[in-house]
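Reading through the structure tokens given below for one structure.
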Amino acid sequence: MEYSPIYQNLHVVSTSPVKNKLFVFCIMLSLWVYMIYCCVGYCSTMPRMMVSSANSKHSQHVDVDNRTEHRLQNEVNIESETQEDLFDPLFGISSRDLLNNDNDLENRGGEDWDEIKSEQRTLDDNVGSSPFNESAQGESKKLPQAIIIGVKKGGTRALLEFLRVHPDIRAVGAEPHFFDRNYDKGLEWYRDLMPETLEGQITMEKTPSYYITKDVPARIHTMSSDTRLLVVVRDPVTRAISDYTQTRSKKTDIPSFESLAFKNRTMGLIDTTWSAVQIGMYAKHLERWLQYFPKDQLLFVSGERLISDPAGEMARVQDFLGLRRAVTHKHFHFNLAKGFPCLKRPEGNSKPHCLGKTKGRTHPNIDPEVVQRLREFYQPFNRKFYQMTGHDFGWD
Ligand SMILES: Nc1ncnc2c1ncn2[C@@H]1O[C@H](COP(=O)(O)OS(=O)(=O)O)[C@@H](OP(=O)(O)O)[C@H]1O
């Protein structure tokens with residue numbers, strides 16, 4: 001017979017009742033220690049989903065049916081609260097006047113560096129989250145087929161969050177800024193940021209600075225000439241004030257809106273180099289897009305109607321994307337205190353989820369004469385824009 005330590009041990013144990021009990025006690029003790037070890041989360045042999053389902057990015061993708069609930073519970077608030085002014089793509093533009101930066105809109109892509117860093121962290125978290133491009137469930141990362149390209153402070157976050165309720169939409173939460181700031185990282189870097197999708201689902205992202213950035217139309221066209229483009233537009237005067245309000249919320253010692261808006265106030269000369277003014281000249285920016293994309297590949301979403309009639313505006317958006325109308329009036333609850341529609345689960349009675357406090361800030365009172373002058377300034381641009389889009393947004 002071969003020598004076997006186990007056999008030897010068993011033999012010894014079976015011959016002594018005391019040792020036998022001691023042996024059983026040791027095994028029980030080891031089992032208890034192991035179980036306690038597992039329960040506190042250090043057990044590497046436990047299935048991953050059990051240990052870290054709350055944190056696992058993959059867990060978000062495992063159950064597509066549970067996606068809506070998961071998002072409503074977690075993502076809307078998380079994104080809107082923590083990333084909030086990641087959604088400030090052209091903070092640096094208004095800084096041109098405030099901080100004497102670059103004079104050229106197209107080159108002024110800078111923004112609050114803390115925001116960029118925190119956005120980058122979110123993006124870096126996404127990159128490499130899946131070592132393979134196709135998962136076991138048949139999901140894979142794809143380049144976006146639809147992009148929300150603007151405009152800053154138009155209501156882009158609300159549109160993206162409303163769209164993410166749709167079971168056939170998957171979207172990256174942070175703004176990738178691929179086509180304006182990260183283009184040199186390459187398309188594979190960009191694809192890797194995207195969530196995994198099943199066949200038939202649409203991948204999306206939003207970066208509001210794309211709409212006003214010179215090279216972006218050509219770059220998106222190079223990626224795919226079929227890309228569908230969504231632009232949320234809002235009364236350019238209110239948009240400018242919203243933009244200013246955001247800047248002021250981070251930097252309190254900035255000049256007044258009234259002084260920034262004019263090159264020469266006595267002569268009523270508007271400062272078109274100030275980004276808060278320039279972004280609202282929608283027709284001018286649209287000309288560049290129409291050099292690359294046919295008009296019917298762009299959808300102009302009314303920022304005002306996204307608030308007053310979210311379901312109606314979402315019906316237009318879903319039709320444009322070729323989706324069934326899954327996001328309906330049942331998903332919205334108008335929160336009177338906040339003054340905005342919030343998302344709810346149609347079947348549940350849980351509290352509706354609103355965007356964070358950086359969406360819907362109180363605007364400062366602006367001298368009515370300045371507001372009037374800005375309205376006059378924008379009128380020809382608005383008219384041109386209505387003509388180009390075939391849609392009167394009613395701002396005049
Ligand atoms: N449902 C809902 N909840 C909250 N806020 C809403 C909503 N729908 C549209 N809005 C308007 O969105 C404005 C912010 O626009 P963006 O998300 O495009 O801003 S950003 O460019 O990403 O910073 C934000 O602008 P301000 O009111 O000036 O803060 C809102 O008016």
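Note: Cβ is positioned from N, Cα and C throughout, glycine not excepted.
No curator has checked TrEMBL annotations; they are predicted automatically.
TrEMBL lists K153, G154, G155, T156, R157, S242, K359, G360, R361, T362, H363 as 3'-phosphoadenylyl sulfate-binding residues, and of the candidates R234, R373, R375 the one it assigns to that same site is R234. Here the candidates are C43, C342, and TrEMBL names C342 as the disulfide partner of C354.
The 6 Å Cβ screen around ligand 1 retains K153, G360 from the recorded positions K153, G360, T362, ordered by sequence position. Under 8 Å, Cβ to Cβ, and six or more positions away along its own chain, K153 (active site, for sulfotransferase activity) finds P208, R234, R239, S242, D243, Q246. If you average pLDDT over the domain 'Sulfotransferase' (144-385) in this model, you get 97.
Look at C342 (disulfide bond): DSSP puts it in a strand.
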